[in-house]
Structure formats: structure tokens, C-alpha cells
Amino acid sequence: MRLLPRLLLLLLLVFPATVLLRGGPGGSLAEAQDLSEDEETVEDSVIEDEDDEAEVEEDEPTDLAEDREEEDVSGEPEASPSADTTILFVKGEDFPANNIVRFLVGFTNKGTEDFIVESLDASFRYPQDYQFYIQNFTALPLNTIVPPQRQATFEYSFIPAEPMGGRPFGLVINLNYKDFNGNVFQDAVFNQTVTVIEREDGLDGQTIFMYMSLAGLGLLVVVGLHQLLESRNRKRPIQKVEMGTSSQNDVDMSWIPQETLNQINKASPRRLPRKRPQKRSVGSDE
């Protein structure tokens, strides 16, 4: 009798545990509810992803349109179809460093309205990236009106920097103009890669300095040799030899006063040469 209450208590504890472990009706219901909830969340996430993709697809055309509008606004103006331009380099397409380069730009108005040519500019740019400026030359203001079916010619000149010699650069020459309606145009008259030639003719500063140094060195050598010869000549004195006159008749006495000459003659009278006696030969007549 004492064991019966204990068995009942044990059954009461073990039965619920076995029901929970085996997944009784309540457990299966909970699992079913969980599965249905998971399926609903998956379907909701799929629907949300599809909505996001649809929104992205709808936004892409608008973004492309905005990008195109920004490019149109920020892009440089183009040339007008009613105008033609030509270019002619005066000395050919040679670009010597530190020397003037001249060219002529011709503008032809083929339209029915006037064009106002505003300016002409040129620049050297990096060959791999034309957005990077190497040397930007001064823009030439023109402000010239070109009527329809008329032509105009403009001259421009620039000097490439001396350190740029022997290297390639992108040369860009732009002609800026507009019509009477205010539409701005820009024509890239020349847009190519050129090579700046090192200047060979003429004398640069280094060459002139070298020649001046050589001339000064040569002058110092000449002066040193001259001084050396003079010092040697001074060490050897010249022996003076007194040269007398062969006779008194060769002496000019006109510059001596007459009184002095008289005194000299009295003090040392001249001696006449003695006549030598002639020897008579034997048998000569007396």
C-alpha cells in the first residue's frame, strides 16, 4: 500500500516527459504553427525582394537620364554645324623649343545668321590624359562678327618652354564663338600629339659662357708668356758698344755756338800732317 502512492507520483512525472519528448498533439501543433510562420516570413521576404528589384529597375532609367543631363550640362560646347574651321602652320608642324610658333585659323560661316568669334586659345596637355594641362597659353580675344557666307582668318603665336624640348605633348587649339541667340560653340581646330624639338641653332647661355671662359683662359696664357719673356730679357743686360766717328768731318758742329768753337780751336790747334821726305833712288838726276 505504501508503494502505490509512489508509483502514481512516478507515473505523473514520467508521462508528461514522454509526451513532450515524443511530440504529442500539442507539440505537433506548435511545430505546424512554426512551419507556417516560417513559410509566411519566407514568402514575405521574397515579395519584398521582388519589390526592391522592381524599384531598382524603375530607378535605373531615371538615374541614366539624370547622368546624361549632368553630362550635357557639364560637358564642353561643341562646334556648330553651320561653321567650318581650318588651320595652317606658317613654318610647318615643327615646334622648336624656346622659339615662336605661328599658325593661321580660318573660319567660314555657312549658315544664315551671324557668328561672333570671341577668342582663340592653345595649350599643351599630357598625352595620356588630355584633362591634365602642362602649359596653358594666353587666350587671344577676337570679338569679331562673321556675317553669313563670309570667311575670316585669325593669327596666333606661342612659344614652347625650353625644358619641354625632346618630349611629346598633346596640343589643343580651340576657337570659341557664339551666335546671336547666345548659343556658345567651341571648335577644336587642332587636337593631336606633337613633339617639341630641341633648339640646335643659335647659342644658349651655357655655350656663350663656355666660349667666354675659353677666351679668358687663352688671354691669361698669352699674358703669362709675355711676362715670362720680358723677365728673361731683363736678366740679360745689353752690352753697349761705343761707336766713334771715322773723321771729324762726319760730326755736325752746327749746333755748337761759334764762340765755343773758337775757344776749342785755340785750345787744341790742329796739326798739319808732315810731309815725309822722299827717298831718292840711286842714279837719279839731282
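Using N, Cα and C of the backbone, Cβ positions are placed for all residues, glycine too.
Since the structure is predicted, the reported quantities are computational estimates derived from the model, not experimental observations.
What Swiss-Prot records for 1-21 is signal peptide, and it gives sequence analysis as the kind of evidence. Here Swiss-Prot flags 22-207 as topological domain 'Lumenal', drawing on sequence analysis. Annotation source Swiss-Prot lists region 'Disordered' at 28-83, 264-286. Positions annotated as compositional bias 'Acidic residues' by Swiss-Prot: 34-75. According to Swiss-Prot, the feature N-linked glycosylation site maps to Asn136, Asn191. Residues annotated as transmembrane segment in Swiss-Prot: 208-228. The topological domain 'Cytoplasmic' annotation in Swiss-Prot covers 229-286. What Swiss-Prot lists as phosphoserine is Ser247, Ser268, and the listing cites similarity to another entry. The phosphothreonine annotation in Swiss-Prot covers Thr260 and rests on similarity to another entry. Annotation source Swiss-Prot lists compositional bias 'Basic residues' at 268-279.
Separation of the C-alpha atoms of Asn191 (N-linked glycosylation site) and Asn136 (N-linked glycosylation site): 14 Å, rounded to the nearest whole number. Cβ environment of the residue listed as 'phosphothreonine': no same-chain residue six or more positions apart lies under 8 Å away. Cβ environment of Asn136 (N-linked glycosylation site): Ser123, Phe124 lie under 8 Å away, each six or more residues apart in the same chain.
The local packing around Asn191 (N-linked glycosylation site), expressed as other Cβ atoms within 10 Å of its Cβ over all shown chains, amounts to 12.
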